[in-house]
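Below is one structure; the comments refer to it alone.
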Amino acid sequence: MFGFEINAHCANTSARCGTFETPHGPVNTPRFMPVGTLATVKGISTEQLGRTGAQMVLSNTYHLHLQPGEEIVAAAGGLHRFMGWNGPMLTDSGGFQVFSLGDLNKIDDRGVVFRNPRDGRTIDMTPEHATQIQMALGADVAMAFDQCPPYPATENDVIDACRRTHAWLERCVTAHTREDQALFGIVQGGCFPHLRRESAMAVASFDLPGTAVGGVSVGEPAEEMHRIVRDVTPLLPSHKPRYLMGIGTLREMAIAVANGIDLFDCVLPTRLGRHGTVLVGGERWNLRNARFRHDHTPLDPSCSCVACTGHTRAYLHHLIRSEELLGLTLLSIHNITQLVRFTSAMAQAIRDGCFSEDFAPWEPDSPAHHTW
């Protein structure tokens, strides 16, 4: 039901392209996954989302538990039917949101008690509860409940977070009984190399269908994130998919793929789109800028999305300046398409044997400016 086949390797880096098989179809890697936190990618219908080339979509356990509730989703036949998406799906455990968004009352080895920001009621979230919610939601991949330490954090605090994360993973494995759903573990460890290595080996020992690197993109310098990926990835099973959580910029994805990462997710493309910013040729353009007012050329002539094939820069500029909802939708569609295209281009470069030539300029030690 689940399998991962590596189709090609880069001879000069650790980059690889492969196919991750799920009950709802294959995911070609490396691949960017759009974020549909509340069973919707903001401002985009599932039909529009499918046309971006997206294959796997991420939703969030914490937010769906609060609204509408996993029982509503389960009654609809699961997350796929509830949102009308027929492709693969992944649910984050909600651990990051509990620690970053919730009003924490208590955290201990048992789990977390926090206050529901919607109605003020107390919620007791344990690894077992998070796993049960995800089984009810029914995504193809569920993530283990973990403790993501903030940045910066003391070494003792990160040690405690790692200890809990590993103990909670064991409890998630015990609680997880749904055979048509894969459970991924999450590596933590903050910016402490020895803790990252210990966490990677601990999580890898469970021999799960896949592994994620978490606790990045939480405020640490980019160089720290690069080092974490470089140090941790070789310790993860090479025959299983590796998922770098919360990363979606071109440079960071290229560097991560060069180090053997397969999957990514990030809210960046839709967040940028909602603020009038588009991704073109490796750059970010603010379409509110007056320079686009008289520009009647396509946004990106090389892009096949509806924003680029059906509209001009001047029209998109007009929509954004007029605060028309259509503008936000079109820009979000374009940005997702760009990130999916970028990961697809990396996969093709790996197959063609030119990944290191085409994407090496993204490496932090290279001064070259890369456009694609």
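Even glycines carry a Cβ here, placed using N, Cα and C.
Feature list (source: Swiss-Prot):
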type	residues	note
ACT_SITE	D92	active site, proton acceptor
ACT_SITE	D265	active site, nucleophile
BINDING	D92, S93, G94, G95, F96, D146, Q188, G215	substrate binding site
BINDING	C303, C305, C308, H334	Zn(2+) binding site
REGION	246-252	region 'RNA binding'
REGION	270-274	region 'RNA binding'
Beyond a gap of at least 6 residues from its ends, the CB atoms lying under 8 Å from the region 'RNA binding' (270-274) belong to 34-35, 41-44, 284, 328-336
Minimum Cα separation from D265 (active site, nucleophile), reported as the residue among binding-site residues S93, Q188, C305 that achieves it
S93
Kindly assign H334 (Zn(2+) binding site) to one of the three DSSP-derived states: helix, strand or coil.
helix
Within its own chain, what residues at least 6 apart in sequence put their Cβ under 8 Å from the Cβ of C308 (Zn(2+) binding site), listed in sequence order?
P298, L299, D300, P301, H334
Cα-to-Cα gap, D146 (substrate binding site) vs C303 (Zn(2+) binding site), nearest whole Å:
38
Looking only at the region 'RNA binding' (246-252), mean pLDDT returns 96
Residues within 8 Å of the C303, C305, C308, H334 Cβ centre (excluding the Zn(2+) site residues themselves):
L299, D300, S304, V306, A307, T309, I333, T337, Q338
In the region 'RNA binding' (246-252), how many residues does DSSP assign to helix, to strand and to coil?
3 helix, 0 strand, 4 coil
Here the 10 Å Cβ neighbour count for H334 (Zn(2+) binding site) comes out at 25
With DSSP as the yardstick, break the region 'RNA binding' (270-274) down into helix, strand and coil residue counts.
5 helix, 0 strand, 0 coil
Candidates D92, S93, G94, G95, Q188 (recorded positions) - the one closest to C305 (Zn(2+) binding site) by CA:
D92
